[in-house]
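Asks: One structure coming up, written as structure tokens, with questions to follow.
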Amino acid sequence: MNRRPVFLITVLCFGFAFFYIPILSMIVYSFNASRLATVWGGFSTKWYVSLMSNRQVIEALMLSLKIALVSATIATILGTMTGITLARFGKFRGRMLFTGLVTAPLIMPEVITGISSLIFFILMADWIGWPGSRGFTTITLAHITFSMVFVSTIVQARMLQADRAIEEAAMDLGSRPWQVLFDVTLPVISPAILSGWLLAFTISLDDVVITSFTTGPGATTLPLLIWSKVKLGVTPDINALATLMVLTVGMGVVVAGIVMNRAEARRRADERMAYRSND
Amino acid sequence: MAAPAEPFLRIEGVSKRFGSFQAVRDVTLDVAKGEIFSLLGGSGCGKTTLLRMLAGFEEPSAGRIFLDGRDMAGVPPWNRPVHMMFQSYALFPHMTVERNVAYGLKHEPMSRSAKAERVREMLELVQLTPFAARKPHQISGGQRQRVALARALARQPKLLLLDEPLAALDKKLREHTQFELMSIQQRTGVTFIVVTHDQEEAMTLSDRIAVMDKGEVRQVGTPNEVYEFPNNRFVAGFIGSINTFEATVIAREGGALRLAVPAFGAEVLARDVPGVSPGQAVTMALRPEKAGISRTRPETVNAFEGTVKDLAYFGKDSLYRITLPSGTLVQAHAVNARRGAEVADWDDAVWLGFEPESVLVLAE
């Protein structure tokens, strides 16, 4: 029974190799002393040093973080409002159409979203003189429009799961609907809101297509910078930058995993406690 | 027990439709202050809709609701002196037991210390003081039920609505909780309206019961009234088990009705009820525990011979199924009062006897 099928193990190894060998080779070559990306010239950390002193990279990183932070936060607020409305508004004329309109951007090709955002900004500039130039504001607005859809989808799913009676109970105990929202609804769905924010943040941080349509002179985000640098050939400092990003993301995943494991262990302990105190 | 002299809660011709579905149909009920009043019925009978209209979650399509003389039309749930204990308990999962109980006091014009005192009192009332700092998922089902009760009572409502209060508890806990609910009701004096599908629960808890079916109230009365004197076939069949037979009224004589009952192949003498006349087709009903079984002819006016077809032994009592010569089956309950002295066995010939007082005549 303990002999696992050879075929399955092979497939598993291939899968992992396919996925991780490129990343591993990138990490290895980020420590390459040679200028040539594909020729090993000994171990060195000089690309990391040069990265830290590269103003262009630091500025691009700061801009990306700023856009991701602002767009994720606004998208979370708007997306949460949409999600709650869709889940709680009950039946109304055109509800199906409305739900469809909200989820359509999920499957819309990014190029289309990018182009339509660009055309919209150009038209707006013609009509009301705003936005005068494209950059931080236009990128952020474009990111909000497509990432809020993810938030609203997550929130809506969580709302449909939640026990409606909890909100009714709060209302029954004297709270007006807006108080119920802040006292009960939002705290109950807060994990969904948090994961929506994280998703919106990640999507914004690594977006190339929509950003490239809505950016302007002087506003280069990190993915755009990497993209434009790679067009001139892969250099070891890009490897170093990418390695740092992998490290950051990896650490994020590990920390999230530990936190979730702890929460699970605590929940189990709580359940044991409840069982013991059963009367 | 007569209808209350001054109705505390008056439900007047209330109906509710959802689209083409009539959930509640022209219900009129009076409930007295301090009463435990049950709405009893199967699923989809409209009892929960009626309860939700009292809480203010639904507005009646027609009719009016008065609480303590005040018309409740258009009053939103948060302004009603009515609180509800939900079937799922609907505790706030992110708050401790203490904060759950305190939630309703948030909007009360009370000093902080008075609120804390009230919460302490409520936790004591439901014996949950040691669990004040726990979250709902850290306590047992029975304790959750008590938190829900304390939370609903903390604001001292005029009316407490309980939606299937015991349905989520296991059988043993249910009996205990039933008595606890009754004692808490007596101590607080709050009027309880209980929705339940469990007839035993309704019988033991309630001062009065309204039996509902298909959105209508079929009978209102004390547990004893609806059990012993059901006024229609639905109520007779819904509460407890019962034998029913087609019958025709022959004559009314000396405070009793003489019925022709083909199933018995003879005449049966029954307690007189108003509103029936000779020649009328009626239903004769007999509760299994009212039918006595004996090996020799009993001294009752109604006595019939039969054969034991089936018998189910429950320990404290046994249920017999007796075949009459006409082929009809009659259920009879016998208490096993003496060990080893069960009345009859399979295929034994027995006598079935019952008093006219025990026979129900249902015109409907």
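Yeah, the Cβs are placed from backbone N, Cα and C, and that goes for glycine too.
A TrEMBL annotation is a machine prediction, not a hand-curated record.
The domain 'ABC transmembrane type-1' annotation in TrEMBL covers A:61-259. The annotation transmembrane segment is assigned in TrEMBL to A:7-31, A:60-84, A:96-124, A:136-159, A:180-203, A:238-259.
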Asks: In terms of Cβ proximity under 8 Å, which residues at least six beyond the ends of the transmembrane segment (A:136-159) contact it?
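Replies: Sequence-distant neighbours of the transmembrane segment (A:136-159): 63, 66-68, 70-72, 74-76, 78-80, 82-84, 86-88, 102-103, 105-106, 108, 110, 113-114, 117, 121, 185, 189, 191-193, 195-197, 199-200, 203-204, 207, 210-211, 213-216, 219, 221.
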Asks: By Cβ distance under 8 Å, which residues at least 6 away from the ends of the transmembrane segment (A:180-203) in the same chain are close to it?
Replies: 68-69, 71-73, 75-76, 79-80, 84, 143, 146-148, 150-152, 154-155, 157-159, 162, 166-167, 170-171
Asks: Report, as numbers and ranges, which residues of the same chain sit near the transmembrane segment (A:96-124): CB under 8 Å and 6 or more residues beyond its ends.
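Replies: For the transmembrane segment (A:96-124), the nonlocal Cβ contacts are 82, 86, 130-131, 134, 138, 141-142, 145-146, 149-150, 152-153, 207, 209-210, 212-214.
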